[in-house]
């Protein structure tokens, strides 16, 4: 068992020593390799979206287990949960008035569990909430997302308010994890259940991004045309990519820590 771990350790040290441009290049190459791999092994790429929802559900289950079993919310960001509840509520509204489908039911269940988590943090487990570490100002993401939604939104025949709301929830979802990353940046030590939850978010968002990218490739770009004209189709795809790369660095250290047999994740300075 030691040789593989030594090799992994050596590779991780080599990667860590590389300049930012090389790290970015390696991240892009790794992402492209994973996309090619998924394209060949997953024949129906819609399954990737289902898998993303399933992994997200697993992450939420881990979070619920942490709150119920350990009776503590230490390390969790209330603000990230509130941003999640906001974009889910807006997306549910859009689903009801624009396109009611199975995802409406999934979002309803996710919103319900998210509101429960918020309730637990605010009231039942308030004594363990790290309010001083959860210091990301929500207007840093809410205001830019709202302004961007007013400028770039779908060009469909729906009511303008509904179109702006839809674009707002797409943009907000992409950055809703930032307060959670700030908490982990402030504490530098991430306990197992929180690490599992955030890693599940990272995997879910990568699968969702892969679903969109592969769908665009399979349709030779026709999917982007179907979404409308102007900047909106590109912004949808860009939002998926952004929310994947936001968590990429954390996921790397999570896997490294897991392979090294460390239960508690310690983040170096500058990560997330």
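Glycine too: its Cβ is placed from the backbone N, Cα and C atoms.
Automatic, uncurated: that is what TrEMBL annotation is.
Annotated transmembrane segment per TrEMBL: 24-42 (among others), in sequence order.
Residues or ranges marked as transmembrane segment in TrEMBL: 48-68 (among others).
The transmembrane segment annotation in TrEMBL covers 104-125 (among others).
For the transmembrane segment (137-154), the list of distant contacts is 79, 82-83, 86, 160, 163-168, 171-172, 175-176, 178-179, 227-228, 230-232, 235: same-chain residues at least six beyond its ends, Cβ to Cβ under 8 Å. Per TrEMBL, the feature transmembrane segment maps to 137-154 (among others).
Positions annotated as transmembrane segment by TrEMBL: 160-181 (among others).
Sequence annotations record features per position, and here TrEMBL assigns transmembrane segment to 193-214 (among others). Below 8 angstroms of C-beta separation, residues 34-35, 38-39, 45-46, 48-49, 51-53, 55-56, 58-60, 62-63, 65-66, 70, 75-76, 177, 180-181, 184, 236-237, 240-241, 243-244, 247-248, 250-251, 254, 257, 265 of the same chain, each at least six residues beyond the ends of the transmembrane segment (193-214), sit close to that stretch.
For 234-255 (among others), the entry in TrEMBL reads transmembrane segment.
The stretch from 48-68, 104-125, 234-255 that makes the most Cβ contacts under 8 Å with the transmembrane segment (160-181) is 234-255. Long-range contacts of the transmembrane segment (48-68) within the same chain: residues 38, 42, 76, 106, 110, 113-114, 116-117, 120-121, 125, 193-194, 196-201, 203-205, 207-208, 210-211, 214, each at least 6 residues beyond the stretch ends and with a Cβ under 8 Å from a Cβ of the stretch.
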